[in-house]
Amino acid sequence: MLKGRHLIDAMDFSIEELEEIFKLSNEIISREKEFSHICEGKLLATLFYEPSTRTRLSFESAMLRLGGKVMGFSEPGSSSASKGESIADTIRVISCYADIAAMRHPKEGAPKIAAMYSNIPVINAGDGGHQHPTQTLTDLLTVKSIKGRLSNLKIGCCGDLKFGRTVHSLIKAMSRYENNSFTLISPEELKIPNYLKKELNSKNVKYEETKNLEDSIESLDILYMTRVQRERFFNEEDYIRLKDSYILDKGKISRAAKDMIVLHPLPRVNEISYEIDKDPRAYYFKQAKYGMYVRMALMIKLLGIQ
């Protein structure tokens with residue numbers, strides 16, 4: 001039963017509960033009009049302390065398509081946070097107005113704090129470089145829809161593996177399924193955090209670290225590309241030096257299997273050449289559409305409507 005629950009971490013839900021969400025997502029995809037009034041009278045609060053286009057609009061369009069309404073803010077300067085109000089007090093007040101909340105915050109753990117003080121379900125829409133669980137649900141639904149399975153896959157994660165919260169959530173989630181392995185492709189400065197490697201080791205999940213995309217791409221079922229995130233760098237010189245570390249182009253993808261799929265949480269900067277968009281293995285825009293449907297299903301479940 002997911003009614004009244006929070007989603008803060010990709011591991012908050014069991015595999016069985018995730019399957020419930022994926023099943024409902026597919027029902028919405030196939031019969032969307034039947035769900036167009038299911039959230040009438042419900043209000044989503046979008047509390048975005050950090051800039052976002054895709055995630056915020058995905059949440060908002062999800063609720064609007066379900067017949068509900070949306071309120072919130074898209075930057076801290078337009079909220080009482082600019083006056084020094086705490087997250088705890090903000091969510092207490094929001095709980096008086098809304099039925100469910102989606103929060104993005106630059107500080108790791110902020111949505112967890114909000115959940116502790118909230119009387120309504122809180123969804124983590126990204127906290128610093130930590131977690132992005134609804135993107136993970138999006139990624140899993142995309143993989144399941146295209147590959148037909150979430151196990152026995154070789155997953156390549158490429159780019160910013162240090163600050164990339166989408167990658168952290170994806171690795172944690174996919175490591176729960178049988179016989180998945182990871183190829184972690186990044187420059188030395190942007191390697192995956194040690195705590196994630198310890199988790200993989202504790203589960204006996206196979207992984208390898210490399211700096212070479214060309215030699216790794218041939219054996220992958222999934223290539224998950226990420227951008228180097230300018231907003232996580234304190235030194236502009238370091239960002240400029242690392243931002244072009246990996247660019248997926250025709251030459252590199254020509255070495256990949258015909259049934260490999262390329263995913264990206266977006267926004268893209270230049271890590272995927274535009275010429276790849278027409279390649280049948282490019283699924284990142286379809287992935288974005290799946291994100292709206294999975295958020296529709298998630299909110300229905302957390303609100304206990306179905």
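Backbone N, Cα and C atoms are what each Cβ position is placed from, and that goes for glycine too.
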Name the residue, out of R31, R92, R104, R176, that Swiss-Prot lists for the same carbamoyl phosphate site as R54, T55, H132, Q135, L266, P267, please.
R104
Using DSSP and three states only, what is H132 (carbamoyl phosphate binding site)?
coil
Can you list the residues of the same chain, besides R54, T55, R104, H132, Q135, L266, P267, whose Cβ falls within 8 Å of the carbamoyl phosphate site's Cβ centroid?
S52, T53, S58, A125, G126, T166, P265
Count the other Cβ atoms sitting within 10 Å of the Cβ of R54 (carbamoyl phosphate binding site), across every protein chain shown.
14
